[in-house]
C-alpha cells in the first residue's frame, strides 16, 4: 500500500522566513516540503531556483519535493542535484522529446524522478514514462492550471487519478491545486496519496490540525479501497 504523504506548498509560506516556515511545517507533521520552481516562461510566474533550495537545505534535512514548471527541465537537473533537491518532477508537456535522458540524469544525481501534467493534458501521455524500464516514480496530477497559488480545485481531474490508480496500484500519485478540508475527500477517494496543500495549510489558524485531517483522509480512503 502506498504511504500517505502530506507536502505543504512553500509557495504559500513567508518567503522572507523560509527556514523557520519549513521547520514550522515539519513540526506540524508535514512529510515533505513542496517547492514550486517556475521560470516565468512555461508559466507566467517566476518563483525560486537552485540557490534558494541550496540555502534552505542548510537549515533542514526534510525531503524537498521540487516541481519544475519550466521550459527546459534538463538545464535544472545538475544545479538542483548540487543544491540538495530530493525529488525532481518535470512537466510532460516540456519533455516529450527527451524524457528518457531527463529521467536518467535525475536518477544519476540521486533525486526521485516524477512527471506532472497540466489539466488539459490527457493522462495517456504519461504512460510511456511509467511503462519503460527507465520510469518515473511519481505522477503529479495538477488540479489547477499551474503558475499561481490559491486557485479553485478542479474535481474533473479526479478521473485521471482514478485511471492511474487502477493501472498502477503502487505508484505515488500526487495532487496539487486547491486541496484542503473541503476538497480532500474527492482526491483521496480517487486514489491520490501525496497531497500538496498551500493556502489551506498556511492560512489555517492551526496548520497541524489541517495536516492531520489531510493524512486521515488518505488513510481512510485506503482502508475502504
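Cβ coordinates come from backbone N, Cα and C, glycine included.
As recorded in TrEMBL, the features of this protein are as follows:
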- 9, 67, 147, 148, 149, 150, 178, 198, 199: substrate binding site (BINDING)
- 34, 36, 67, 176: divalent metal cation binding site (BINDING)
- 36: active site, proton acceptor (ACT_SITE)
- 176: active site, proton donor (ACT_SITE)
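Considering only the binding-site residues 9, 147, 149, 199, residue 34 (divalent metal cation binding site) has 9 as its nearest partner by CA-CA distance. Counting Cβ atoms from all protein chains shown, residue 147 (substrate binding site) has 17 others lying within 10 Å of its own Cβ.
Neighbour density for residue 149 (substrate binding site): within 10 A of its CB lie 17 other CB atoms from the protein chains shown. All protein chains shown were included, and the count of other CB atoms within 10 Å of the CB of residue 67 (divalent metal cation binding site) stands at 26.
In this structure the C-alpha atoms belonging to residue 67 (divalent metal cation binding site) and residue 199 (substrate binding site) are separated by 17 Å. Neighbours of residue 176 (divalent metal cation binding site) among the binding-site residues 9, 147, 199, defined as a Cα within 10 Å of its Cα, are 9. Applying an 8 A CB threshold to same-chain residues 6+ apart, the list for residue 199 (substrate binding site) reads 12, 149, 150, 180. For the binding-site residues 36, 176, counting C-beta atoms within 10 A of each C-beta gives the highest total at 176. Within 10 Å of the C-beta of residue 178 (substrate binding site) we count 22 further C-beta atoms, all protein chains included. Sequence-distant contacts of residue 9 (substrate binding site), defined by Cβ-Cβ distance under 8 angstroms and a gap of at least six in the same chain, are 34, 36, 149, 176, 196, 197, 198, 201, 202.
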